[in-house]
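Visitor: First the structure, then my questions, so here it is.
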Amino acid sequence: MISRFLKSREALLAGAIVLLTILIAIRFPAFVSAANLVRVFNDTSILIILALGQMMVILTRCIDLSMAANLALSGMVVAMLNAAMPGIPVPALIALAIAVGAILGAFNGIFVWKLNIPPIVVTLGTLTIFRGLVFVLSGGAWVNAHQMSDAFKAFPRAVFFGLPVLSWVAIFIVVLMTVLIGRTALGRAFYAVGGNPTAAVYTGIDVGRTRFVAFTLAGALAGLSGYLWISRYAVAYVDIAGGFELDIIAACVIGGISIAGGIGSVGGAVLGALFFGVIKNALPVVNISPFWQLAISGAAIILAVAFNARAERRRGRIILRQSEAAS
Amino acid sequence: MLNSASPAIAQHASPLATRPLLTLDGVSKSFPGVRALSEVALDLYPGTVTALVGENGAGKSTLVKILTGIYQPDHGTITLAGEPVSFSTAYDAARAGITAIHQETVLFDELSVAENIYLGHAPRGRFGLIDWKRMNKDAAALLRRVGADIDPEARLRGLGIASKHLVAIARALSVDARIVIMDEPTAALSHKEINELYELVERLKAEGKAILFISHKFDEIFRIADRYTVFRDGECVGAGLMADTSHNELVRLMVGRSVDKIFPKTEAEIGETVFTVSGYSHPTEFADIGFELRRGEILGFYGLVGAGRSELMQALFGITRPSRGAVRIDGEVAVIRSPAEAIRRGIVYVPEERGSQGAIAGLPIFQNVTLPSLGKTTRAGFLQLSEEFRLAREYTSRLELRAAALDRDIATLSGGNQQKVVIAKWLATKPKVIILDEPTKGIDIGSKAAVHEFMSELASEGLSIIMVSSEIPEVLGMADRVIVMREGRIAGEFAREGLDAETLVRAAAGIDKVQS
Amino acid sequence: QDDVKIALVVKALGIGFFEAAHEGAKEAAEELGGVEIIYTGPTDTTAEGQIEVINSLIAQNVDAIAVSANDRDALVPTLKKAMDRGITVISWDSGVAPEGRQMHLNPSSNALIGEMCVKMAAEHLPEGGGDVAILSASATATNQNIWIEEMKKVLPNYPGVNIVATVYGDDLADKSYREAQGLIQSYPDLKAIIAPTSVGIVAAAQAVTDAGKAGEINVTGLGLPSEMAGHVESGASKSFAIWNPIDLGYSATMIAYNLATEKAMAEPGAEIPMGRMGSVKLDDNNEGAMAEPFVYDASNIDDFKDIF
Amino acid sequence: MSDTTARAIPDRLESRWTTWLKSWEMLLVGVVVFVFAVNAYASPYFLNAWNLSDATFNFTEKAMIAMAMALLIIAGEIDLSVAAIIALASTLMGLALQYGAGTPELVMIGLGVGLLCGAFNGLLVTGLGLPSIVVTIGTMSLFRGIAYIILGDKAFTGYPADFAFFGQGYVWWVVSFELVLFLFIALIFGVLLHATYFGRMVYAIGNNATGALFSGIRVARVKFILFLLTGLMSGVAAVCLTSRLGSTRPSIAFAWELEVVTMVVLGGVSILGGSGSIPGVVLAALIMGLVTFGFGLANVPGIVMSIFIGMLLIGVIAAPIVWRRLRGESVG
Ligand SMILES: Nc1ncnc2c1ncn2[C@@H]1O[C@H](COP(=O)(O)OP(=O)(O)OP(=O)(O)O)[C@@H](O)[C@H]1O
Ligand SMILES: Nc1ncnc2c1ncn2[C@@H]1O[C@H](COP(=O)(O)OP(=O)(O)OP(=O)(O)O)[C@@H](O)[C@H]1O
Ligand SMILES: [Mg+2]
Ligand SMILES: [Mg+2]
């Protein structure tokens, strides 16, 4: 068990993150203070949630480019609703954000399921459509901090046992996903559908519907992230999380989730996101110009994918093994 | 028709059970361009092994897929224990108590052995969550039952093909089924594992399960089956008790004509050595391969599935690199690093996997034919369509291709006709040596004869042919000389005269040390 | 007689500041009569986007274009083309290089803005001064860089102000927030953050509040009263400044109108009337300043927060 | 004819003319005519030579890249780093400018950087066998990241006057150099894809890469060349765009990759590889240019146009499928 973990991608990635943190800590001990680590985790929470959503989709051999746009649209819907009717309780708004996100995700899923359109085309289209709808909905206007109710803004910030609710939500989602992916038929179906779609049919799994469910769940997580994002930064506008879809995919790739489907783990996605989080937060601290960040994450993606591909490279079946051993 | 072997008569004659557990009636299934099954009938009795025999492409696997809910029949009825049933997914069939070991291993490389066995019906624990511990334990028990020494927590990816097959068998047994279907379960197994499988079948029989057993191996059928049903070209042409039939009668039912006509081997004049392979080795797939091939000769390669024949041929064709060894063409040493180079040297390869390696679905027929010869049909890199059509017409008409037009997508053709296009594609390069890997695998009987006839014709025109085949009759019928491979090595070489099936099987399975 | 068509091209649609400028433009149009305002801009702050927009304005044969540029140089060729086709081109807020416009209207003089920022920070520093950091917008924004330069020029007059870092939030809320967090983290003695950008100042104030440092670290700079009201109330920001964007839009429109109808000429030394805002005097670069920035604090914020 | 046998198979079922009439390209021609007509009706400014000429600048640079991208996608790969290559090429051109490079050197550098970046992508994909979509998401960050490291908050300006010709010059009357260059590139790629050995290999690889390899095609080499071409076209676009803007910032051409891919897919190229045509992509570029320009004349914000483009993308791909469904044909 333990030795199996030590040999896994997750262990390697975890090691890389620890090493990176230690290196930073040598020069800036404050970086590893409990408070700062909590801050880094909190800052990465939304990326973790989104990466877990994207992971489900990628596991089924699909891809969702529209997650960030979905986040913006669901976020804008609840922000505007909150601004217009501050009386609506926050839990209802959170539920609404999740529902809107799920509907948008289902919209992607239905095209993939019923019309068999390649996911990349569908979500490339919905990426611009969702983003455009945010503009149409808001008329391009911002929803500012003072227009949001205090309860709306307070939720992700409230601290329990030393951690903000935002972090708790991420932890909750991680636990939920661990159970879903590891212990339910649906979770295992994601692996089956992505790993070998033909064999999945032989097993009685409806490939299209499983993909649809993955898109819907990913959409729901994007919706949740939409609320968390705007309440955390206390502002909503058309461009929020612009370009974030690629960060999400990058976190998955760094976390060892194979773009070809069927390979990946919750731990990998979380670590992939954390890797991003540490880098993003460390750069200003170690006084490297923020302009380096993009290049560093690019290099990390390339290294990660090259590394994972090497680990995945089929060892070839060895016909000669038995006879070699015999002689 | 031979439908006189109707359920009524069979039932009457059965000493084993009185009422069939499962009855199929008038079941038909068509694919674009192929009628895979037409109006077939089949009965399965509890505690009885029914053998389903028929040539490649007779529709056996299609029937299995219908019974397991993967395909839906175009029409016809399925009656299970007196109730009419219909399955829309594999899950429905499993719930009704039908389980199958499919011909192709349909498993998941990235998942663990235990999960491959239990995917879709994993044991549940608290809150309805999957109970991994119990799953691993149950899987271990099942694997012991099929006589496999495999760690249930291992990833499937690392297993060999035989082990994978055992996992597939374990998966079939993991469902509490009344009907167990086995589609060529022994094709990838070794002698010892085959015997264990036979014992398992006996046990299942004793438990009162109805078993449908599909196999091309006659000795096997006569050993374990109680009844038989024969398919030919998608039709049911006979059924009855094994005790009432003979080897010859089954063959006659299967083939529908006398056997030697299918392999129209004409004696070609065998000339000088064209192609020599010596000490050819690969780190993991094959070792110390050496043979010669002469002009006008058909050299057969026989072996069990997974013996490494395809790997060897692909290395000769430049797809993979050997670690050691040399190839001579017309006495000259040739280093072949890529298929392009092999083609230039006059060696071509008709691959086993027609769908993924041979035909390029999406391209029209004529473009498939001209693809490796484009150097000849282009001028300064520019395409000459009329020249391409001319070339395609020339070679496809030699093979008597049937198609609506040459600009149709090759995917619209039937399997046999696709194979003809693939062969035409290679002939158009005017090769010296042509390697045919399972040239008649999965193609219909008419095309099969055409391919065989054509092979003879090519040989008599002076072409040298290597024919990889797992079908003993084909090897015996067509080859001038046969090399048998086992576990990546040559296990024997035999001349045509006096060669029989038994010798080949023994050499392939390594039962006796056979001297060549 | 057709309406005079004046296009107000902004950095990006949806930004509160520019929406307010639009209001001012409409006010000017009403006052003038016979003026049609086209309010437009790209969706995100890119030069390419603005060029597309300007191309379609040229095609529509507008009479004047007043642009707040995303890129000082990249717009020049397109704007030159516009001028070649007889369209009056001015820049306002964020300028265009001289060859790409007839004149540029600064909201205020850069020197005044720079000094105001430092002064606001200095006023609320504890005895003996303290560390101050700058959170700028996109690193490429012309006006931001000029103001930062101006701030550095007046530093000798404010010995207590110790500038420790300049970071860039790219006018993105999340990036600015993270940069501000980084500042709070890396400089434990930080006493003030100057953010001369309306996006940055809000994000910084939010970051300070979330870090529990409201009242300890003073966030100041340039911001909109509507967006900053909450933070002034919470004490995260003691004071901040801005010119009135309504006035800015109004003035730009007035100038564009006067130039397009040839009621005035844009040349060094010229004085161009801007209705109720008086007139602007052009310097050697054909640039002029509208007015002094205006300081908002707890005493007056409530009067303005619902206006812009 | 001598080789006609009794059961001869005809070469073609329908004349090439009929095939063309039923093709995707005809559908796109229809859309072009429709959009053109609507624009002409809706705006008095539309039918004006200068305005139409200006409108072409909205798409020519992206369309140049789309030509190469079409081949790459037909071959079953994708390059999402094209916009980042523009940024890097433009930045290095600007850097060279600081060291006194003249127009010829600048052009050489722009094209050279494009080629190098393409080679880097190609090497990672064909040499290490990595999935191109992930590799190019990585290089997209890397290339643009390097541009940011070099430029930071600065900008390179002051390109020589004769350099402006590539992005701002006119060849004849309203016909811009960029438009002519684009048409020339389209012609080259059209011939390359549809009339040469190389093009045939591209289709074969896209339909079945293993099958192509088994047919003696050097798959890795062809794919590498396609990445090179895509890089080169990005370099060409970088020269044109830099010349048109007269300045370089690291955010140049931001998010263009998605527009380029949209153009290619709208042009009827299957994202799964194996089919598509250059005329289709040219028409798609025209449609996107006309739609943007038409909306622009009505002062509709760009983001609303993008909703329309997004719907167009999904709509044109879904329409034939829905149509076949409605007619009761099965879908593969
Ligand atoms: N999915 C499919 N699409 C098109 N044709 C098919 C499909 N599946 C099977 N066929 C065709 O149906 C016919 C029957 O195939 P089937 O696999 O049932 O044969 P089989 O009897 O199992 O042969 P073998 O002994 O080789 O396994 C063949 O001609 C085959 O090509
Ligand atoms: N361990 C394995 N895992 C997956 N596939 C395997 C494995 N072993 C063999 N195969 C597949 O089984 C088939 C037969 O293997 P191979 O071609 O090497 O042997 P062969 O002697 O040529 O057998 P055949 O008679 O099928 O041609 C191949 O398609 C190969 O991919
Ligand atoms: Mg079969
Ligand atoms: Mg084989």
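Glycine residues also receive a Cβ, built from the backbone N, Cα and C atoms like all the rest.
Heads up, TrEMBL stuff is auto-annotated, nobody curated it.
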Visitor: Do you know which of A:2-18, A:189-205 TrEMBL annotates as transmembrane segment?
Guide: A:189-205
Visitor: Would you kindly list the residues that approach the transmembrane segment (A:211-230) from elsewhere in its chain, counting only those six or more residues past its ends and only Cβ-Cβ distances under 8 Å?
Guide: 45-46, 49-50, 52-54, 56-57, 59-60, 62, 64, 67-68, 70-79, 93-94, 97-110, 112-113, 119, 143, 148, 156, 166, 169, 173, 186, 190, 193, 236, 240-241
Visitor: Before we move on, state whether the transmembrane segment (A:251-279) and the transmembrane segment (A:158-182) share at least 3 Cβ pairs under 8 Å, counting only pairs 6 or more apart in sequence.
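Guide: When sequence-distant Cβ pairs are counted, the transmembrane segment (A:158-182) touches the transmembrane segment (A:251-279), since at least 3 lie under 8 Å.
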Visitor: Please determine whether the transmembrane segment (A:189-205) and the transmembrane segment (A:44-60) are in contact (criterion: at least three Cβ-Cβ distances under 8 Å, sequence separation 6 or more).
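Guide: Between the transmembrane segment (A:189-205) and the transmembrane segment (A:44-60), contact is present.
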Visitor: Contact between the transmembrane segment (A:291-311) and the transmembrane segment (A:44-60) is defined here as three or more C-beta pairs under 8 Å separated by at least 6 residues; is that satisfied?
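Guide: No, the stretches stay apart by this measure.
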Visitor: Per the 3+ Cβ pairs under 8 Å rule, pairs at least 6 apart in sequence, do the transmembrane segment (A:67-85) and the transmembrane segment (A:291-311) touch?
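Guide: By the criterion, they do not touch.
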Visitor: Who are the chain neighbours of the transmembrane segment (A:120-143) in space, where the CB to CB distance is under 8 Å and they lie at least 6 residues beyond its ends?
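Guide: Residues 63-66, 68-70, 72-73, 76-77, 79-80, 82-83, 104, 107-108, 111-112, 230, 235-238, 242, 245.
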Visitor: Give residue numbers and ranges for long-range contacts of the transmembrane segment (A:291-311): same chain, 6 or more residues beyond its ends, CB-CB under 8 A.
Guide: 9, 12, 247, 250, 253-254, 256, 258, 272, 275-276, 279-280, 283
